[in-house]
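Undergrad: According to Swiss-Prot, the protein carries these features:
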type	residues	note
DISULFID	29-58	disulfide bond
DISULFID	81-99	disulfide bond
DISULFID	141-153	disulfide bond
DISULFID	148-166	disulfide bond
DISULFID	160-175	disulfide bond
DISULFID	193-221	disulfide bond
DISULFID	316-345	disulfide bond
DISULFID	339-354	disulfide bond
DISULFID	357-375	disulfide bond
DISULFID	382-397	disulfide bond
DISULFID	407-425	disulfide bond
DISULFID	419-434	disulfide bond
DOMAIN	140-176	domain 'LDL-receptor class A 1'
DOMAIN	193-306	domain 'CUB 2'
DOMAIN	308-355	domain 'LDL-receptor class A 2'
REGION	566-636	region 'Disordered'
TOPO_DOM	18-441	topological domain 'Extracellular'
TOPO_DOM	463-713	topological domain 'Cytoplasmic'
TRANSMEM	442-462	transmembrane segment
């Protein structure tokens, strides 16, 4: 454990030794090209490329304007030329392939710069890698050249030769032969320090800017800008070439003895950039400090009072140089900024009336560029809808269209996206100074979640109620009945239809069997049945001599009674009942004839032909061997039987036949008729009425007769 601590400190020391390096993980080679929008930065070969088997292809894109130059300086570049390559490409130059460090910095003008590092892989040799720094700045001129204010470079011999070689007159400004005699001459660049400039505009530069002169000791210079006007001053540094350790500071106010207020500090990181500083008052102090043996040229700057333009510039607005811009020193524009596709004026004066576009339209790019042929209307600018291919209509927006919000980076987004919890501007300025508010996504998720929870709650309540109802129903089966429920459940059933007819509650229906509610015996049921049969067999009934069609069940019952011999068959002549010799006594036909007319309710009569039905057979016990001799001695028929009512005999016969048919096993043979002397005693019908009316059953197989066939309705 102790031996690992020194190694840990060494690793931390190595990581902190170069904190300015920007390292890229291995994923930078596998993802899409990395876009670098910073003004300056550092690049090195991606770490983690220790594996020599797999190839690599890493790409970085440095965003830049077409009027800027990207300067690349190599601190280290050692690649294996056969297997590793570093390619730099810009729109205005052919690709540059490197495997060794160049002699000096590379200047790549024209806009975006693409840097590509490739490795062949397959265990090919690898170099030590590369380390470079880049910066976006204006094009720097050589030491023997003069840099114009419009960033052009001309030979130093063309300075103050009476010819406008720069195109903006900056090479002739401050000379004895000023091309603008009607204007106050601008002071010529001077090598003196600690000067006070009191004009409304002017040009000043550091000592040795026009010619490089290194000194062996540090230098310090001050310039006091006091045009004696209360309006603000705009100080613009058109060229910067500072060495390491050199610095330029801009203060607000007149300086000592007053405490100055620092507005801006410029170092070698600002080299090649055009920097504009606006004061808070009508005075400013510019200080310049160099180190010994400084290799930097210094700076070149101009100043003017807000509301005025330099003689070689044009005003953005109408009138005496007053423009509509609210930015620093941009109420004027130079000839080089005319029709370049970038709005330097807030109202687009520098891009209005350019060749190739109709009146009221603005070009997407400068002449000679791919976007120069496309033109757009003012309504298409700064509305968060890109019209130009390179997005020139959405850059440097001073004002946005209605319904849009202007970001601090001079871009526009929809106004509804402001303070919604999600940054839409590049710098996130649309979420600054916002009161606490939940994002739309959180609110939407909360609403959807609440709806889902409410739906689940309703389903849960429905299931709970259903289960409770089922459980309550199960418990109610075993629960005792209440008095009210018992009264409802135990109510007496309503009377039947036949009982209502018998009680006289409703009128009787023809051919419907009535019953006495107080007579539920078998005898009463048989009487009702015989009444139906009597009505059916009565000639000339209520139907006017025509027999009514009976129900199927009644017709079947009548056929069975006829088959059993309980009813006479129709259209059959009456015959005397056959008597069993020496066994069954017969009833004389005269007695039956006499009793036919006296038949009361419940008797059976013949059909329409008026024939008399045969008497019912009398059931006698089966003779036994002990009774055979006694019966054999009887040679004469018994005397006449006593007069028995036909109804009683018929009912008795029906009951006996039903009992013999349905209950053969329960019937014990015995004498039905008892002889006392010369006559037979018949059992009382009341003794045979105490039977149950059981459903008709057919334990035996009956022979189907012709009468069993169903009648046609």
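Cβ coordinates come from backbone N, Cα and C, glycine included.
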Undergrad: Averaged over the whole of the domain 'CUB 2' (193-306), what is the pLDDT?
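TA: Averaged over the domain 'CUB 2' (193-306), the predicted model reaches a pLDDT of 84.
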Undergrad: When you measure from the Cβ of residue 148 (disulfide bond), how many other Cβ atoms are you left with inside 10 Å?
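TA: Its Cβ has 27 other Cβ atoms within 10 Å.
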Undergrad: Sort out the residues at least 6 away from either end of the transmembrane segment (442-462), same chain, that have Cβ-Cβ distances under 8 Å to it, and list them.
TA: 421
Undergrad: With every protein chain in view, what's the tally of Cβ atoms within 10 Å of the Cβ of residue 397 (disulfide bond), excluding that atom itself?
TA: 21
Undergrad: Quick check: in three-state DSSP terms, what is residue 193 (disulfide bond)?
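TA: In the DSSP reduction, residue 193 (disulfide bond) maps to coil.
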Undergrad: Looking only at 99, 153, 375, 382, 419, which of these disulfide-bonded residues has the biggest number of Cβ atoms within 10 Å around its Cβ?
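TA: Going through 99, 153, 375, 382, 419 one by one, the largest Cβ count within 10 Å is at 382.
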Undergrad: Within 10 Å of residue 407 (disulfide bond) by C-alpha distance: pick out those among the disulfide-bonded residues 221, 357, 382, 397, and say none if nothing qualifies.
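TA: Cα within 10 Å of residue 407 (disulfide bond): 397.
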Undergrad: At the level of the C-alpha atoms, what whole-angstrom distance separates residue 148 (disulfide bond) and residue 160 (disulfide bond)?
TA: 12
Undergrad: Using CB atoms and a 10 A radius, I'd like the single residue among the disulfide-bonded residues 193, 221, 345, 354 with the highest neighbour count.
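TA: Compared across 193, 221, 345, 354, the most Cβ atoms within 10 Å surround 345.
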Undergrad: Just to verify: the residue among 81, 425 with the fewest other Cβ atoms within 10 Å, which of the disulfide-bonded residues is it?
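TA: Relative to the other disulfide-bonded residues in 81, 425, 81 has the fewest Cβ atoms within 10 Å.
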